[in-house]
Amino acid sequence: MSAKAKILLVNGPNLNLLGRREPGHYGHHTLDSIVQNMKNTANSADVELEHIQSNAEHELIDAIHSTDANFIIINPAAFTHTSVAIRDAILGVAIPFIEVHLSNVHAREPFRHHSYFSDKAVGVICGLGADGYQFALKSAINRLQGPSA
């Protein structure tokens, strides 16, 4: 019997404020509700979902370094535009990943248009709100479980 597939969900700075922080950009869902919905979806697919949210770059890096996950879904938040260190951590562990953003970063301030992750990601989802996380999760599960027999 093969081991259960595992996905690491990484959420960067200020995402702990979802539901009350700039709902025009980020929506009204809390991070807890997004994560719980993802865990329900993962459990239904017999996939384990591990989650970390931190405002501290080194904690995200440590979680990436220590994971035994088969796939990563990451919303680096503000670290998207600044963190070569998190990029290097993901590349260092050689785990495929999908980059997710709640808002459409390309329709916002110019400094948000650049990502240190997008060129290495399997895919990028932005601007679809909380649904983007579900789309990323379903894609990751499909990749891990392969085509149906």
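Each residue, glycine too, has its Cβ placed from N, Cα and C.
Computed from a predicted structure; not experimentally measured.
Annotated features in Swiss-Prot:
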type	residues	note
SITE	Arg21	site 'Transition state stabilizer'
ACT_SITE	Tyr26	active site, proton acceptor
BINDING	Asn75, His81, Asp88, Leu102, Ser103, Arg112	substrate binding site
ACT_SITE	His101	active site, proton donor
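A count of other CB atoms within 10 A of each Cβ picks out His101 as the most crowded of the recorded positions Arg21, His81, His101. The least crowded of the binding-site residues Asn75, Ser103, judged by other CB atoms within 10 A of its own CB, is Ser103. Working note on the binding-site residues Asp88, Leu102: by count of other C-beta atoms within 10 Å of each C-beta, Leu102 ranks first. Leu102 (substrate binding site) and Arg21 (site 'Transition state stabilizer') have their C-alpha atoms 12 Å apart, to the nearest angstrom.
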